């Protein structure tokens, strides 16, 4: 064997294995495969693409889809006690306003052609009003139970994506009462964050409409895209605050600051896209008879599922970020000394 052959073999042994290692025997096809493999290798070497692949691998390896399905189930299950509390609140309002109650019952009877069905609905409304206290208390207890389970699943799912290793460490185990207290505080904080973000979006949208109307700019066509961009930006900002709270509070190990801020922005923009797609698809589902019957339920389940998957993927994205100038932040409660 010549020295040149030995050098070529040494280079082949040291060179990385091609991404697409297929040999067909046809030189032209093999050269095309090599070019495609080199392009794919260079494309994967791009930092943003490599980061996305790492996040996707972690999301799949740590059962992101399964956790997303569990979060969707508990999200949908939590709606039942919330509806019970809502009906109880409506019952208290109607009980103190007989004129409004009579008006609603008359509209129910007049809008339904079937007398038996109208009578059934009328009796249902009366029963809900009479049992409003029982329904409200039961709904609150069930809402608390399902809400704690929902928060527990969300917390465990995000921690599974955020941990350096898949298995839980002994330090990650908590006593049951401490875990429930932590979940209750987290749920309360999440509700407050949700109320703040929704209020911010609503107030900003109303203020924008009032300002435009006061200045007499309603009829300006070119202003509508600008107003749409402003409204979307406000909504993304509200989403950002919500996800920032989720990714900062729920993980046990605090993420890197740069990764946290960028991953939260990714989640905020993705959530806004989900809301935009849902607003386009839900009205179309309601046009068909089957869609009118089940479209809202399926749409709500899809919304919860995409929200859960987006949240977990962004948690994996934050955990797999690699920045040389962004050291890992200390855990919550840890004391650091600077000399």
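Backbone N, Cα and C define each Cβ position, glycine as well.
Positions annotated as region 'Disordered' by TrEMBL: 1-23. The annotation transmembrane segment is assigned in TrEMBL to 73-95, 184-206, 226-248, 260-280, 292-319.
Sequence-distant contacts of the transmembrane segment (184-206) (same chain, six or more residues past either end, CB-CB distance under 8 Å): 144, 147-148, 150-151, 155, 231, 234-235, 237-239, 241-242, 245-246, 249-250. Of the Cβ pairs linking the transmembrane segment (226-248) with the transmembrane segment (260-280) and spaced 6 or more residues apart, 3 or more are under 8 Å, so the two regions touch. Long-range contacts of the transmembrane segment (73-95) within its own chain (CB-CB distance under 8 A, at least 6 residues past either end) are made by residues 101, 104, 125, 128-129, 131-133, 135-136, 138-143, 145-147, 149-150, 153, 300-301, 304, 308.
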